[in-house]
Amino acid sequence: MATENGAVELGIQSLSTDEASKGAASEESLAAEKDPAPPDPEKGPGPSDTKQDPDPSTPKKDANTPAPEKGDVVPAQPSAGGSQGPAGEGGQVEAPAEGSAGKPAALPQQTATAEASEKKPEAEKGPSGHQDPGEPTVGKKVAEGQAAARRGSPAFLHSPSCPAIIASTEKLPAQKPLSEASELIFEGVPATPGPTEPGPAKAEGGVDLLAESQKEAGEKAPGQADQAKVQGDTSRGIEFQAVPSERPRPEVGQALCLPAREEDCFQILDDCPPPPAPFPHRIVELRTGNVSSEFSMNSKEALGGGKFGAVCTCTEKSTGLKLAAKVIKKQTPKDKEMVMLEIEVMNQLNHRNLIQLYAAIETPHEIVLFMEYIEGGELFERIVDEDYHLTEVDTMVFVRQICDGILFMHKMRVLHLDLKPENILCVNTTGHLVKIIDFGLARRYNPNEKLKVNFGTPEFLSPEVVNYDQISDKTDMWSLGVITYMLLSGLSPFLGDDDTETLNNVLSGNWYFDEETFEAVSDEAKDFVSNLIVKEQGARMSAAQCLAHPWLNNLAEKAKRCNRRLKSQILLKKYLMKRRWKKNFIAVSAANRFKKISSSGALMALGV
């Protein structure tokens, strides 16, 4: 609305300042839109037609007309020969200056003042070149078009959780333009085809307000126009969203928008580090005490047993913590020596895939080791369950965790020397998390010193143990290869009718991939096993090399393709029914072994 002193409100210039002409302003504007003929001179002073006056005099500045401030854009005056169409569509409009005599000054159309430029940079031209207060309908549509132009939501993104949508809905502070942001981060979002959103409304005359607004904004802020050009560039199928670095990224939404990550598939398979023990790692020392005063023993809930004693559950009275108690009988001084060695080894093993020691108490007749309680049971007992669907990817998850635990042991210069399926427990009855237990036969390892042992379980013994040769960290890797073979096939590669035949099979390296059983097993899995069950220690893979093997990598991609159930699940069930390792730790006389295997060392099969 134009005031009496000529000031312009809302950035729109009024062409008439006379009080008498205000009443006819709306009628003239509507008539100008419908009929481009020049106004009737009898109605009073008004704008002159450029066709009738092709050589207007130089416009004179009015004292009351505010001069454009620095930074405002003043359009150049078009020449008479360049005028096209009626007034308001490229021609000049003249109006008498209030309080001045002589010929009225020619005012450039749509010349905004500094105040109007700051308030309304998106002001649009109507079809007649001006907006009169008598046209509320057109003004309302212009305001709606300006609001739509400011929103400018991308057309290709429709997911409410997509980070680009989140960014577009969060308006930036008006007092801090985009060009003043300290740093911009462009987030790439795949442009997926979808239904096109309706564009902003158009004003009368078919002028696209959004296009005009972007054009005017580009003239005022070239930097913003360049950024808008980058935003709209979808030539490569990627739309970029400019986001100030001060606002944190919505990482959760981004994970929903992007393709599934590898760890997402791990979560489905419970392939994440097992939960730590319910107590922090501690350095345990053997002490004398009264077990019943500190712990409530539950001997009826047996977890296992062997030659040295039994394992049951217990509860610490002061904290209510449930633990596993390994009771070892002190029959000879060597029994205590072996327990002290086990405590020393476990004090160094602080890893999620290795069982943790809580306390050790000595009584007159026995030693009790209190350890982390693992409720899932043995790995093989778990996978033979009829409700469990075993796939090769499941085996990869199990083997990878075993390799993680072995790698940590070997870094700490510890050899387990009794890796077998019953010494691998599941953390729970539903997931894929496992831990290695039973360090009763573990030994400290120094590569510069020779170490020989003559104990173990025949099926999982390496040739160097059977021959009583020097062992190394590769001795554990042989056992890992046998375990992997059994998980994939359900068969034991060296198992014979008796222990003697089993040990002969180990020494001769007499094993192969059963064609029918391994039909559905990948070549990568076979290669993994073939590089572990090798007679020469130096030719076997280390734990680090196993973790880098292709078979134990790219699990997410393999999980998408793997939907076949392994036959080993059925064969393992038959195997466990035939042979229970818990009751088959047999002490073997060296003299009986020498008769058939021609070995230079004695062999004993011990277990706890």
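A Cβ is built for glycine as well, from the same backbone N, Cα and C atoms used for every other residue.
These come from Swiss-Prot:
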REGION    1-160  region 'Disordered'
MOD_RES   ALA2  N-acetylalanine
COMPBIAS  31-43  compositional bias 'Basic and acidic residues'
COMPBIAS  50-63  compositional bias 'Basic and acidic residues'
COMPBIAS  82-91  compositional bias 'Gly residues'
COMPBIAS  116-127  compositional bias 'Basic and acidic residues'
MOD_RES   SER153  phosphoserine
MOD_RES   SER159  phosphoserine
MOD_RES   SER161  phosphoserine
REGION    214-235  region 'Disordered'
DOMAIN    297-552  domain 'Protein kinase'
BINDING   LEU303, GLY304, GLY305, GLY306, LYS307, PHE308, GLY309, ALA310, VAL311, LYS326  ATP binding site
ACT_SITE  ASP418  active site, proton acceptor
MOD_RES   THR457  phosphothreonine
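Known features from Swiss-Prot, placed on the structure.
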residue : record                       : DSSP (3 states)
LEU303  : ATP binding site             : strand
GLY309  : ATP binding site             : strand
ASP418  : active site, proton acceptor : coil
THR457  : phosphothreonine             : coil
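GLY309 (ATP binding site) has a Cβ environment of 20 other Cβ atoms inside 10 Å. Cα-Cα distance from LEU303 (ATP binding site) to ASP418 (active site, proton acceptor): 18 Å (rounded to the nearest whole number).
Summarised as a single figure, the pLDDT of the domain 'Protein kinase' (297-552) averages 92. The Cβ of the residue listed as 'phosphothreonine' has 24 other Cβ atoms within 10 Å, all protein chains considered. Within 10 Å of the C-beta atom of GLY305 (ATP binding site) sit 16 other C-beta atoms, taking all shown protein chains into account. The shortest Cα-Cα distance from the residue listed as 'phosphothreonine' to any of the binding-site residues (GLY305, GLY309, VAL311) is found for GLY305.
The distance from the Cα of ASP418 (active site, proton acceptor) to the Cα of GLY305 (ATP binding site) comes to 15 Å.
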